[in-house]
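Student: What TrEMBL records for this protein is below:
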type     : residues      : note
BINDING  : Cys24         : Zn(2+) binding site
DISULFID : Cys24-Cys91   : disulfide bond
DISULFID : Cys26-Cys118  : disulfide bond
DISULFID : Cys36-Cys143  : disulfide bond
DISULFID : Cys145-Cys192 : disulfide bond
DISULFID : Cys150-Cys155 : disulfide bond
DISULFID : Cys163-Cys184 : disulfide bond
SIGNAL   : 1-20          : signal peptide
Amino acid sequence: MTPWFGLVVLLGSWSLGDWGAEACTCSPSHPQDAFCNSDIVIRAKVVGKKLVKDGPFGTLVYTIKQMKMYRGFTKMPHVQYIYTEASESLCGLKLEVNKYQYLLTGRVYDGKMYTGLCNFVERWDQLTLSQRKGLNYRYHLGCNCKIKSCYYLPCFVTSKNECLWTDMLSNFGFPGYQSKHYACIRQKGGYCSWYRGWAPPDKSIINATDP
């Protein structure tokens, strides 16, 4: 078993079926959770790619130009290559070369960064201002909080360190308003609550208009 082949099992739920007949499926994750649960979070531009014969369908190796690192300084301070399955049925990721800057999250295995469809990967120009601020400092402040997914009502938080994530209830689906504009941050008194950023974080300012 190759490193990435084993890693896919951890990153998302999928079935090989007849060696790739089933499509990759992933559980939705708030960007803050994706940030906090990743070894590496970077902004980068893809400048090259090649297919290597590693794994059942091969592995794509992207050469990147790292613009900024948000998480992972102690694990890999500079990333030059990222690895992903060549097959999308195994959650392989397809990126454009010499076209866009991307926000990339992933895991480190044996000194290499691996990513895939179940990781949070987005074109940089598609991120909201709140998401960019989250990457710079807000998400880090909330890594001790827990974002609890709500798929159908009623939903309740069960501890003071939880924020209720209700984007999946919206007609607009995923990703939704909380994913795009809010971070779950620990406030005074040890409570975690959604924070957008109009004023300094304080649970006393989170009112009924917030999710």
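Sequential numbering from 1, following the chain as shown.
Heads up, the Cβ atoms here are built off N, Cα and C, so glycines get one too.
Whatever TrEMBL says is automated annotation, not expert-curated.
Map these features onto the structure and tell me what's around them.
Tutor: For Cys24 (Zn(2+) binding site), other Cβ atoms within 10 Å of its Cβ number 22.
Using a 10 Å Cβ-Cβ cutoff, Cys118 (disulfide bond) registers 22 neighbours.
Cys143 (disulfide bond) counts 16 other C-beta atoms within 10 Å of its own C-beta, drawing on all protein chains shown.
Counted within 10 Å of its Cβ, the other Cβ atoms near Cys145 (disulfide bond) come to 23, all protein chains included.
The Cβ neighbour count for Cys155 (disulfide bond), using a 10 Å radius and every protein chain shown, is 14.
The Cβ of Cys163 (disulfide bond) has Cys145, Lys146, Ile147, Lys148, Val157, Cys184, Cys192, Ser193, Trp194 as same-chain neighbours under 8 Å, each 6 or more residues away in sequence.
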Student: Whole-number answer please: how many Å between the C-alpha atoms of Cys150 (disulfide bond) and Cys118 (disulfide bond)?
Tutor: 19
Student: Near Cys36 (disulfide bond), which residues of its own chain have a C-beta under 8 A away, given they sit six or more steps off in sequence?
Tutor: Tyr139, His140, Gly142, Cys143
Student: Measure the Cβ-based neighbour count of Cys184 (disulfide bond), defined as the other Cβ atoms within 10 Å of its Cβ.
Tutor: 29
Student: Can you grab the distance from Cys155 (disulfide bond) over to Cys91 (disulfide bond)? Cα atoms, rounded to a whole Å.
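Tutor: It is 30 Å, counting Cα to Cα.
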Student: If one measures from the C-alpha of Cys118 (disulfide bond) to the C-alpha of Cys91 (disulfide bond), what distance in angstrom results, rounded to a whole number?
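Tutor: Approximately 7 Å lies between the Cα of Cys118 (disulfide bond) and that of Cys91 (disulfide bond).
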Student: Tell me, how many other CB atoms lie within 10 A of the CB of Cys192 (disulfide bond), whichever protein chain they belong to?
Tutor: 21
